[in-house]
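Written below as structure tokens is the structure these notes are about.
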Amino acid sequence: MILVIAEKPNVARKIAGALSERRPIRKTIFGVPYYEVFRDGKKLIVASAVGHLYGLAPKQDFFGYPIFDIEWVPVYIAEKNKDYAKDYIKALSVLAKRVKEFIVACDYDTEGEVIGYTALKYACGVDPSRAKRMKFSALTKRDLLNAWRNLEPTINFGMANAGIARHVLDWYWGVNLSRALTHAIKRASGKWVVLSTGRVQGPTLKFLVEREREIQSFVPKPYWVIKLVIEKNGQKLVANYEKDKIWSEEEAKKIVTEVKKSKARVSNIEVKRQKRNPPVPFDLGTLQREAYSAFGFSPKKTLDIAQSLYEKGFTSYPRTESQKLPKNLNFRLIIQNISRMPQYRPYAHLLLGMPELKPVEGKKEDPAHPAIYPTGEIPGPGDLSKDEEKLYDMIVRRFLALFMEPAVRESVKVTILAGPHKFMLSGARTVKQGWLSVYGKYIKFDEVTLPEFFIGERVRVLQVRREKKKTKPPARYSPAAVIKKMEDLGIGTKATRAQILETLYQRGYIEGKKSIKVTPLGMKVIETLEKYVPEIISVELTREFERKMDLIMQGKLTKEEVIEEAKVKLTKILEEFKKRELEIGLELARIVVGDVKDEIKEEKPIVVGKCPKCGGDLIVKYNKKTGKRFVGCSNWPKCDVTYPILQRGEIIPTNKTCCNGAPVVIIRDKGRDIEICLDIKCKKW
């Protein structure tokens, strides 16, 4: 028997339906569905994960920093509200014992490879190298059967290792830096306020803050524009002065005076026709930008909808950077199927009449997946939500446009001379629809048709007007523009960028759905980190590690090398942070707490009792290397008395002693009080 592991339950159902030579048998174990199917004389069990079944967590339970000693644990232990994953882990564990072979059929990307790798290693208890790999970009029967017939001999260890490295680095950065910020505020104010930053989150917030500063520091400058209002065949037209901005009011007045004294005539007419090729196939970033422009969808919403369309089998895998379609894709069959939908029939029939179907393609490639395309599976009534219908329509129309003829646009520029001054009258129109006939609803072209002019023609001037304007600050980023900026900077991935933006909203660092404004909290976090530990928010450092994770994928670096380098780098950053922890905490606490005094005071140590050896104070200390807390004598290094202590909970002195004079303390954690002697040899332990 063979166990096929899908990423999600609905995908497992699709795979079972595609591979089964007869109707799949649906069964459940621990309430989790799985399928028994027969293919090529073999019995298959098709089961699923439910996204990530395993996450990273510290091996020891303490809230200090830095912490690098982490391990993979079930996701319901690593994260809150993930109890639903428990039964899926149990199901895979039991089913794995029934089979001899394994096939990973998760999404073919770094996250899918990590899901498959960890499910095999920890839930199934087998060496991941034993598993074969189904590789597909669409959940149609033909794609899944093709993946079955062309199984990869192993999972893609390059992608798996790169994905594991990314998870570890994100954990190192996110958890350690967030703990550092939280500890800093606690030290300065005595209050627990959780702040977060991350490996990509920080640099992203930084460029948003930089734009906010540009806007805040912007000083508008006055300028003047001059317009010439003319009449032609009863139609009023407005021509613009050859200089788009005049910085002197006196100069503007002079021009107006001179124009009023002059006769106006047409001095030149320039007509150009330009072919506009169809837009290239959708990669995820372009789809997110177009959907934002057309529907106002956030990048996260677009990705979620595109993922749903993929899982329903109507479009291909969305997390791609490719602008190229598969060479073996049956374009004619897909278009024939699309022609069954009335809204696309005229365009599909036009294409089906062509002897050859050759799509326009872009330059970008993705080794894992092609550009996004409709699979040819046709949605039935009620299959799609309203938002899914919108995005599906955009994807289908874009696909059809790829095969159509270029559009032709005509631009006309009429130059009007009034004395020594030139004014420009511009018009533009579409003279051949081409691909615009199918995709024009998502492309905004100005259509301005001018009446016919002749060179030397006298022009009737109705008005010459001078308008005062002011320069405007740079525009704030839209959500779609943030994704584009992250792409340009080389930070984040196609799969993570939208979620990083959502995290910044959730943390209260930014606000505004269409025009993103950084909040005072977001401004203060970046201002403080820039001042004391600028490397935390370095775009260059983040981009460098992104490049190294690509090298892991290519097999040119090992994950261990990159993880160790990251650990060394982050340790240095955190050492610098600890030196300035109180100052950082004071700056941040003023905005998140509000009642912190300006003077810097050293935090009073917690005294738990007297040293039985020298009579000094026994105080709570922190190991500079590990961040772990312990109890030690205030007279160190003259006195070397130390005691270990639990790493979680509030420490409350009791003024009592126990074994050999060791103090007794109360550890208060999650509403529970535990009274303990600090001597680990005490029988009460």
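Each residue's number is its place along the chain shown, starting with 1.
Each residue, glycine too, has its Cβ placed from N, Cα and C.
What Swiss-Prot lists as domain 'Toprim' is 1-141, and the listing cites sequence analysis.
Long-range Cβ proximity for Glu7 (Mg(2+) binding site), meaning a same-chain Cβ under 8 A and a gap of 6 or more residues, is found for Ser48, Ala49, Gly51, Ala105, Cys106, Asp107, Gly112, Ile115, Gly116. Residues or ranges marked as Mg(2+) binding site by Swiss-Prot: Glu7, Asp107.
The Cβ neighbour count for His52 (site 'Interaction with DNA'), using a 10 Å radius and every protein chain shown, is 18. Per Swiss-Prot, site 'Interaction with DNA' is recorded for His52 (among others).
If you look up Swiss-Prot, you'll see 156-574 marked as domain 'Topo IA-type catalytic'.
Taken from Swiss-Prot, the feature site 'Interaction with DNA' covers Arg166 (among others). For Arg166 (site 'Interaction with DNA'), the same-chain residues that are 6 or more apart in sequence and have a Cβ closer than 8 Å to its Cβ are Thr110, Thr493, Met549. In the three-state DSSP scheme, Arg166 (site 'Interaction with DNA') is classed as helix.
For Asp170 (site 'Interaction with DNA'), the same-chain residues that are 6 or more apart in sequence and have a Cβ closer than 8 Å to its Cβ are Gly198, Arg199, Val200. Marked as site 'Interaction with DNA' by Swiss-Prot on the basis of sequence analysis: Asp170 (among others).
With a 10 A radius on its CB, Arg319 (site 'Interaction with DNA') counts 24 other CB atoms from all the protein chains. The annotation site 'Interaction with DNA' is assigned in Swiss-Prot to Arg319 (among others).
For Arg507 (site 'Interaction with DNA'), the same-chain residues lying six or more positions away in sequence with a CB closer than 8 A to its CB are Leu195, Ser196. As annotated by Swiss-Prot, site 'Interaction with DNA' applies to Arg507 (among others), with the evidence given as sequence analysis.
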How many whole Å apart are the CA atoms of His52 (site 'Interaction with DNA') and Arg319 (site 'Interaction with DNA')?
17
Across every protein chain in view, the count of C-beta atoms other than its own within 10 A of the C-beta of Asp107 (Mg(2+) binding site) is 25
According to DSSP, collapsed to three classes, what secondary structure does Arg507 (site 'Interaction with DNA') have?
coil
Quick check on the domain 'Toprim' (1-141): DSSP residue counts for helix, strand, coil, in that order please.
45 helix, 42 strand, 54 coil
